[in-house]
Amino acid sequence: MKDLKLSNFKGKFISRTSHWGLTGKKLRYFITIASMTGFSLFGYDQGLMASLITGKQFNYEFPATKENGDHDRHATVVQGATTSCYELGCFAGSLFVMFCGERIGRKPLILMGSVITIIGAVISTCAFRGYWALGQFIIGRVVTGVGTGLNTSTIPVWQSEMSKAENRGLLVNLEGSTIAFGTMIAYWIDFGLSYTNSSVQWRFPVSMQIVFALFLLAFMIKLPESPRWLISQSRTEEARYLVGTLDDADPNDEEVITEVAMLHDAVNRTKHEKHSLSSLFSRGRSQNLQRALIAASTQFFQQFTGCNAAIYYSTVLFNKTIKLDYRLSMIIGGVFATIYALSTIGSFFLIEKLGRRKLFLLGATGQAVSFTITFACLVKENKENARGAAVGLFLFITFFGLSLLSLPWIYPPEIASMKVRASTNAFSTCTNWLCNFAVVMFTPIFIGQSGWGCYLFFAVMNYLYIPVIFFFYPETAGRSLEEIDIIFAKAYEDGTQPWRVANHLPKLSLQEVEDHANALGSYDDEMEKEDFGEDRVEDTYNQINGDNSSSSSNIKNEDTVNDKANFEG
């Protein structure tokens with residue numbers, strides 16, 4: 001029998017099975033920390049331009065961004081373009097993942113994203129007045145965006161596939177919540193450096209992106225690939241080793257082999273499906289099209305319900321629509337970002353207890369009411385009404401941090417099928433960045449024309465989101481990714497909506513998932529039904545166990561020992 005060794009698993013450039021010498025919960029904690037680092041970088045980028053775009057030194061270095069009067073349309077367009085060009089880069093990165101993500105794997109994409117982010121930040125930081133400075137800054141923003149697009153499309157999928165069903169939502173919610181903490185850090189750094197009368201005022205905040213990216217890069221170099229992805233690439237031995245490592249169990253344990261067999265079987269249901277974009281939009285029992293549209297809708301409505309209009313331009317909103325002076329607007333913007341970060345704490349308790357569906361509904365309803373208050377107060381401008389408008393903004397960011405901040409990053413990889421999970425998540429993330437670009441580009445122009453009209457538009461979009469959630473979003477809390485496949489297949493067979501099936505279908509064990517899959521005929525249309533008979537998992541189990549039963553105890557080779565010694569040292 002073949003002797004499994006970790007050295008046999010190493011690729012040409014990176015190891016897919018390295019794990020810092022950690023196992024079980026400690027390894028999962030490290031995976032969570034790496035994911036949080038990636039999304040805190042994303043949040044930092046979101047908050048970065050809020051105060052910089054109208055900062056004195058930034059406007060001096062890039063004169064085209066300086067407004068001359070309250071209705072300088074040219075300057076507001078340049079401000080919008082300088083801020084939103086980042087989203088175009090993010091879109092390009094997400095598009096790359098959608099087409100190539102399944103072939104490359106989760107870990108290499110995150111490493112690539114980190115390196116590209118560093119390159120982009122260096123380009124932007126080194127822009128100097130008189131040397132096509134604004135063009136260089138924008139190019140750096142776009143390059144940074146490409147790196148962020150790779151990371152935001154990949155990290156949620158990677159962490160979802162590395163997590164247990166019972167705490168998957170909590171762990172992915174942690175990474176989403178760190179977006180708010182990254183934004184808060186950016187706001188307060190911008191405020192602190194606003195007293196500086198040199199280019200350090202904007203260069204230091206921009207260069208801080210490098211620090212976040214370096215931390216993510218350092219974590220990821222020795223964190224493992226997703227076992228589900230390894231199985232999809234017929235690298236079952238590596239997957240079995242990693243499942244045992246994540247469970248802190250011997251790869252020969254019956255539970256480990258059974259889990260790998262179930263994953264193997266789930267992946268093989270679509271093994272013969274062609275690797276093309278058309279797979280993402282297939283229908284039938286897989287319902288990939290419906291799942292992709294649901295995933296994309298979470299990101300579409302996250303943007304068009306007003307979150308980044310408030311986050312990217314909070315200082316501008318307080319200054320222009322609520323008529324606070326610039327310095328006070330920056331302070332209130334910092335408080336705004338702090339409340340945003342603190343509001344995410346509540347989501348840790350609600351994400352599993354309340355569930356995804358109810359939390360979506362709570363968030364959309366609360367945001368709709370909040371923006372209704374803001375727009376109503378701004379119709380007739382005076383000092384008292386301005387305070388009411390500010391209250392509406394603070395209520396909005398509280399509801400957003402509690403719900404719709406994290407959910408669009410948790411939900412898409414949960415509802416996607418294994419074969420197109422990376423593509424589905426990338427498709428939803430592409431939707432995010434296109435909508436994000438539109439909102440960030442046109443919000444300053446919209447505000448300049450009609451402050452209250454801007455909030456009325458976002459309030460209406462929030463009200464429209466409520467029926468979309470109610471009629472199309474199934475509950476996924478506490479369910480394995482394979483159970484969710486069953487929900488959509490059963491909805492197709494019964495001619496009903498997935499949310500109805502999810503409400504009535506009890507939680508399933510691994511064997512019950514397989515029984516339902518056989519009963520529903522959840523196999524690829526190009527394959528024969530007999531390939532998925534009731535003994536399939538048992539056959540897979542016997543094959544995996546028989547091929548490798550005597551070998552896995554030898555997995556700890558010299559490389560693993562050295563890695564562990566170096567880490568502990």
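Glycine too: its Cβ is placed from the backbone N, Cα and C atoms.
Remember, predicted model here, so these are calculated numbers, not experimental data.
Membrane topology taken from Swiss-Prot puts E381 and G453 on a shared side. Checking N197, N268 against Swiss-Prot for the annotation N-linked glycosylation site singles out N197.
When N151, N319 are compared in Swiss-Prot, the N-linked glycosylation site annotation sits on N319.
Sequence-distant neighbours of N197 (N-linked glycosylation site) (same chain, 6+ residues apart, CB-CB distance under 8 A): K56, Q57. Within its own chain, the transmembrane segment (427-447) is flanked in space by residues 73, 76-77, 79-81, 83-84, 87-88, 90-91, 94-95, 97-98, 145, 149, 152-153, 280, 292, 295-296, 298-300, 302-304, 306, 308-309, 312-313, 316-317, 320-321, 408, 412, 453-454, 457, which lie at least six positions past its ends and keep a Cβ under 8 Å from the stretch. Sequence-distant contacts of N319 (N-linked glycosylation site), defined by Cβ-Cβ distance under 8 angstroms and a gap of at least six in the same chain, are T54, D325, Y326, S329. With pairs at least 6 apart in sequence, the transmembrane segment (292-312) and the transmembrane segment (108-128) have fewer than 3 Cβ pairs within the 8 Å limit; the two do not touch.
In three-state terms derived from DSSP, N319 (N-linked glycosylation site) belongs to a helical segment. The stretch with the most CB contacts under 8 Å to the transmembrane segment (30-50), chosen from 80-100, 169-189, 204-224, 454-474, is 169-189. Counting C-beta pairs under 8 angstroms (sequence separation of 6 or more), the transmembrane segment (169-189) fails to reach the transmembrane segment (454-474), with fewer than 3 such pairs.
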